[in-house]
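Colleague: Dumping the structure here so I can ask a few things about it.
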Amino acid sequence: MTLAPDEAPRPVAARRVFFLPAGTWPRILMPLFIGALSLGAWEWAVRAYEVPHYILPSPSLIWATLLRDWGSLSVSLWITLRITFAALAVAAALGLLLAVLFAQSKWIELSLFPYAVILQVTPIVAIAPLIIIWVEDIRIALLICAWIVAFFPILSNTTLGLNSVDHNLADLFRLYRASRLQALLLLRLPAAMPFFLGGLRISGGLALIGAIVAEFVAGTGGRASGLAYRILEAGYQLQIPRMFAALVLICITGIAIFLSLGLVQHLMLRHWHESAMRREG
Amino acid sequence: MDGGSGERAAPLLSRPLVSLRGVAKRYDSGTVALQGVDLDIGRGDFLALLGPSGCGKSTLLRIIAGLASPSSGTLAWPAAAQDQRGPTLPRLGFVFQEPTLMPWATALANAALPLRLEGVARSEREARAAEALKRVGLAGFERAYPRALSGGMKMRVSIARALVTRPDILLMDEPFAALDEITRFRLNNDLLEIWQEAGFTVVFVTHSVFESVYLSRRIAVMASRPGRIETEITVPAPYPRGEGFRTSSDYAAICRTVSLALAGAIAA
């Protein structure tokens with residue numbers, strides 16, 4: 001049996017400009033252009049109307065403050081980052097584990113899922129003080145707060161993914177008498193992977209938000225030193241440029257987390273999933 | 001026209017491979033998918049289940065595969081029972097209407113799946129999967145992911161996966177229905193070639209009169225409401241069959257006979 005020459009599709013090479021596919025450049029350049037334009041307008045407005053820097057500092061002043069205070073700010077950034085990533089890791093591991101458990105038995109899912117929803121809809125600001133009082137170690141208290149916020153998207157997405165297996169493939173596994181474990185490892189988990197990674201991408205940003213919110217609550221008690229605490233501190237001392245500098249760091253961190261998780265998603269799915277494919281032609 | 005075990009139906013041993021008696025399938029909703037199906041399928045046979053949609057031909061195939069159980073009636077494997085040394089049940093291969101490949105796995109890993117589930121060691125299963133891929137004309141595409149393959153090639157991977165366990169019986173559920181006609185003709189010829197070489201049994205579900213006549217030794221014509229086998233027709237044409245057969249007047253005449261039988265079954 002041989003393959004006819006016209007049966008195999010020919011791969012199409014995408015046109016590349018400076019190492020990136022031609023279509024990617026506008027997606028990078030246009031937002032940068034808008035950003036530069038807004039910053040320019042901001043700088044001009046602050047200078048033209050002589051706005052005092054304790055009301056609205058100019059972008060150049062914020063940048064200078066960021067460089068000047070990098071020493072203390074970077075220490076705080078590192079603390080916040082550690083909490084964020086620890087919370088994200090715990091959320092990913094527990095979310096995946098619980099989703100697998102849900103997939104094994106409808107009864108477990110029926111009994112536990114409502115509580116996961118309750119955890120999700122409870123405002124973190126409202127329960128953070130309690131957690132901080134209950135848990136001795138402030139880092140663990142912050143981690144729990146960030147975890148509560150980050151946990152749900154991973155759980156619900158992965159549960160959905162584990163249940164979205166192609167019926168025929170499931171039949172095929174049955175036909176060859178696959179064990180439950182084989183079906184889980186070879187079929188359900190790989191099928192759930194895109195869903196899990198999608199959840200992880202949402203949770204990355206949420207873990208950062210959860211960590212910052214918890215730091216705010218803890219910071220009002222003077223018990224933390226993350227980026228949120230720097231913002232609080234600068235606010236009390238009316239060091240508005242420093243406040244903005246910390247805010248800029250938080251934004252950049254959030255964007256970096258989002259982009260790097262997107263990269264992870266792309267690298268893991270590029271061979272097979274529709275989401276990681278570039279349409280050509 | 002009736003009667004299957006004619007003198008031309010060559011390697012029919014005394015005991016059929018599969019034997020169905022009074023098989024019926026009713027769903028909880030009250031729908032009767034199948035009723036009173038009596039069917040013997042011999043070793044090395046090529047049987048087509050031909051009928052309109054809703055006649056229960058896929059259900060029948062799923063019952064033979066063990067993916068669905070009959071509401072009443074029996075399914076037996078008489079030829080397998082007398083074989084004491086090997087596994088009691090014959091090896092099954094199943095090909096769905098869709099290629100049904102794991103998109104995250106390469107062609108090789110997809111073809112090797114049944115062996116992996118059996119616990120065959122990696123080096124052996126990869127060698128056998130590569131051999132199966134070669135047999136369906138996909139040598140050189142071992143590392144390709146399904147999305148890089150055309151519809152016909154995906155179906156070839158699906159067939160390689162069904163062949164990799166060296167099955168006794170290959171169950172095919174309208175496998176080529178979604179392909180274009182040229183690719184379908186090609187796969188028809190390739191399937192016949194493999195079947196003649198390996199000598200397994202094929203049960204082939206189709207709604208195409210032309211495909212059933214071209215491929216099979218025997219055609220079970222089915223009717224719906226309730227799903228049942230209306231008549232069995234032996235195709236009086238020798239193998240190997242090729243494009244010459246497809247354009248012959250014999251072929252046209254048999255197609256006409258089968259079409260009339262199908263029309264009769266639908267009207268009945």
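Cβ from N, Cα, C; glycine included.
Please treat TrEMBL annotations as automatic predictions, because they have not gone through curation.
Okay, so TrEMBL annotates it like this:
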TRANSMEM  A:28-49  transmembrane segment
DOMAIN    A:77-261  domain 'ABC transmembrane type-1'
TRANSMEM  A:85-103  transmembrane segment
TRANSMEM  A:115-134  transmembrane segment
TRANSMEM  A:140-162  transmembrane segment
TRANSMEM  A:208-232  transmembrane segment
TRANSMEM  A:244-268  transmembrane segment
Colleague: If we skip the immediate neighbours and take only residues 6+ beyond the ends of the transmembrane segment (A:244-268), which ones have a Cβ under 8 Å from one of its Cβ atoms?
Modeller: 57, 62, 65-66, 69, 73, 76-77, 80-81, 84, 193-194, 197-198, 200-201, 204-205, 207-209, 212, 227, 230-231, 234, 275-276
Colleague: Should anything in the same chain at least six residues away from the transmembrane segment (A:115-134) have a Cβ under 8 Å from its Cβ atoms, list it; otherwise answer none.
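Modeller: For the transmembrane segment (A:115-134), the nonlocal Cβ contacts are 98, 141-142, 144-145, 148-149, 151-152, 155-156, 210, 213-214, 217-218, 221, 223.
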Colleague: Please report, as numbers and ranges, the same-chain residues at least 6 past the borders of the transmembrane segment (A:208-232) whose CB is under 8 Å from any CB of it.
Modeller: 72-73, 75-77, 79-80, 83-84, 87, 124-125, 128-129, 131-132, 138, 141-142, 145-150, 242-243, 246-247, 249-250, 253-254, 257
